[in-house]
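As given in Swiss-Prot:
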REGION    1-23  region 'Disordered'
TRANSMEM  35-55  transmembrane segment
TRANSMEM  116-136  transmembrane segment
TRANSMEM  149-169  transmembrane segment
TRANSMEM  175-195  transmembrane segment
REGION    214-259  region 'Disordered'
CARBOHYD  ASN239  N-linked glycosylation site
COMPBIAS  239-259  compositional bias 'Polar residues'
TRANSMEM  277-297  transmembrane segment
CARBOHYD  ASN300  N-linked glycosylation site
TRANSMEM  308-328  transmembrane segment
TRANSMEM  372-392  transmembrane segment
TRANSMEM  406-426  transmembrane segment
TRANSMEM  441-461  transmembrane segment
TRANSMEM  478-500  transmembrane segment
TRANSMEM  512-534  transmembrane segment
TRANSMEM  543-563  transmembrane segment
Amino acid sequence: MQDDEITENIQPPPQYPGDDTRPTSKKELVGWYSYGWAAEVFTVCAMGSFLPITLEQMARDSGVLLADKTTPCSATWKTPQGTSPTLSADTTGLWSSQAPRTSQCIVHILGAEINTASFAMYTFSVSVFVQAILIISMSGAADHGSYRKILLVACALIGSISTMMFIAVKPNLYILGGLFAVVANTCFGASFVLLNSFLPLLVRHHPSLLAKHRQAGASPNGDRPPATHRAHRTEDEVNVTTPLLPSGSTNTDGATQESVSDTSLELKLSTKISSNGIGIGYIAAVILQIICIVVVVNTNQTTFSLRLVLFLIGLWWFIFTFPAALWLRPRPGPPLRYADGGKERRSWLGYIAYAWKSLGRTAMRTRHLKDILLFLASWFLLSDGIATVSGTAVLFAKTQLDMEPAALGMINVIAMMAGVFGAFSWSYVSRVLNLRASQTIIACIILFELVPIYGLLGFIPAIKRLGFIGLQQPWEMYPLSFVYGLVMGGLSSYCRSFFGELIPPGYEAAFYALYAITDKGSSIFGPAIVGAITDRYGEIRPAFGFLAILILLPLPLMLLVDVDRGKRDAQALSAELEGTRDEPVADGSLE
């Protein structure tokens, strides 16, 4: 009872009908963490390991050799020991030592010859495009009304079921498998944008921050009149946004602007929650990845083994979504008002129209948000480097170091374990060294730069004669994968929370959509350039030079980001957008 009274005392008054200003509860935080535990396995275990292999193998089982365009690819693969040679291609061994790994296979799609490896890449490209469309279209509904949680749960259920459906897809229906992959990856990306949009709200309503504002004698929602005075104001006059971070210039106690060297309490809390979420997701991914490796090995490493693993990944995602669905509060945003009275049949059309018009308007106005532009440009290059280094390293290990699939699986496990360690340890390091969030990100970039530089050492004649160092031996991939995972753990948590500090308050979903689109869209370019370099020189090692440049480019951009200026600009833009945010929706569109 005493805790309830304390909670009631620090709860700020609502700013619009349906506003949930209850302090963030421990159960709500557990619900937020549980979705990271549920869904992170998809991006690590499925997208990072088994989904591309499954798509390529299913297409291969239905394809023909490129050499003669008549011999089925499945005929060139040996069945595992103890199986009948009359079994279908669905039980073909994937990594038999007798299999001609260099033989290229093609499938015919709409009359075009498509390489089976390209089929997986095209599938992911389509999913990224569809994902971007969905993320933009739903951002209006996520920012307004009570749809944020509904959309999150819907995307989670559709994505997890689509992943589980691989268990029923036969190799001759590989296009259907590609469709399931598009749906699953699209829903995963959309759900994580929605999950990220909850983070500033959880921080803003956290009891420790509400208590701090109360002790300071200020409203947690900014400098607002008391509720008794606001009761007679019209809804249009109420500022419905509650900033994640205060402006930092002054407060009711006349405190001076926070020191540049100090990290705000809000950002510390946001970083802590974000880091915990990333770490919990990585722990889940490590556990399930090990389970998946055991399943594949003990089921003779067939195409069915991979489909079974994808079913397990989808089942994990599905089951652990329910705690989030039960415990995560909707936290509705201010409703959109319709000029014609708000007919329900027009509401979703209005939300979609609002989202696209808002995106265009916001994209035009972000030119005034210098620090968000600098950060997004840096993140565009950095996320491209992250995705490209991962794929390039695996391809390098397979083609030039002749590492077996089991060894490649261990590389992924080591990277994930290092990611867990990094997600939890970077906050400690930054606290001990008194680093701001931007400085921690810069430290991660510098450490990340060591990965391609180490690969370039193999060009130095003196080192080349040693026979090791510079990625000349398979064992060198393991410590390098630890460095990669350590960097990913820091970048994943700090970039997300740091970007949240620069977002205009009240527009979290829309700006996190830009964050996600920047993240996903950038990964098209790096792999293509690495492929061109590999075709030009006949080996992958020269591509490490390109990767070194790609990772280094974000560094000067990140150094230019000024968080205090960014917060002031975000507050100003939020005030400007507030005038258009209350425009009524007429005939499903915004005027």
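Note that Cβ sites are derived from N, Cα and C of the backbone, with glycine treated the same way.
When Cβ distances are compared across the two stretches, the transmembrane segment (116-136) makes contact with the transmembrane segment (175-195), since 3 or more pairs at least 6 residues apart fall below 8 angstroms. With a cut-off of 8 Å on Cβ pairs spaced 6 or more residues apart, the transmembrane segment (308-328) and the transmembrane segment (441-461) reach fewer than 3 such pairs and are scored as not touching. Here the transmembrane segment (175-195) lies next to the transmembrane segment (35-55) in space: the count of CB pairs under 8 Å, restricted to residues six or more apart, reaches at least 3.
With respect to Cβ pairs under 8 Å, the transmembrane segment (441-461) is most closely packed against 543-563, considering the stretches 35-55, 406-426, 478-500, 543-563. Pairs of Cβ atoms less than 8 Å apart link the transmembrane segment (372-392) most often to 543-563, out of 149-169, 277-297, 478-500, 543-563.
Cβ-based neighbour count (10 Å, all protein chains) for ASN300 (N-linked glycosylation site) stands at 17. Remark: the transmembrane segment (149-169) makes no contact with the transmembrane segment (277-297), by the rule of 3 or more CB pairs under 8 A. Within its own chain, the transmembrane segment (35-55) is flanked in space by residues 94, 119-120, 123-124, 152, 156, 159, 163, 166, 174, 177-178, 181, 184-185, 188, 191-192, 195, 277-278, 280-285, 288-289, 292, 296, 303, 306-307, 309-310, 313-314, 316-321, 323-324, 328, 390, 409, 412, 416, which lie at least six positions past its ends and keep a Cβ under 8 Å from the stretch.
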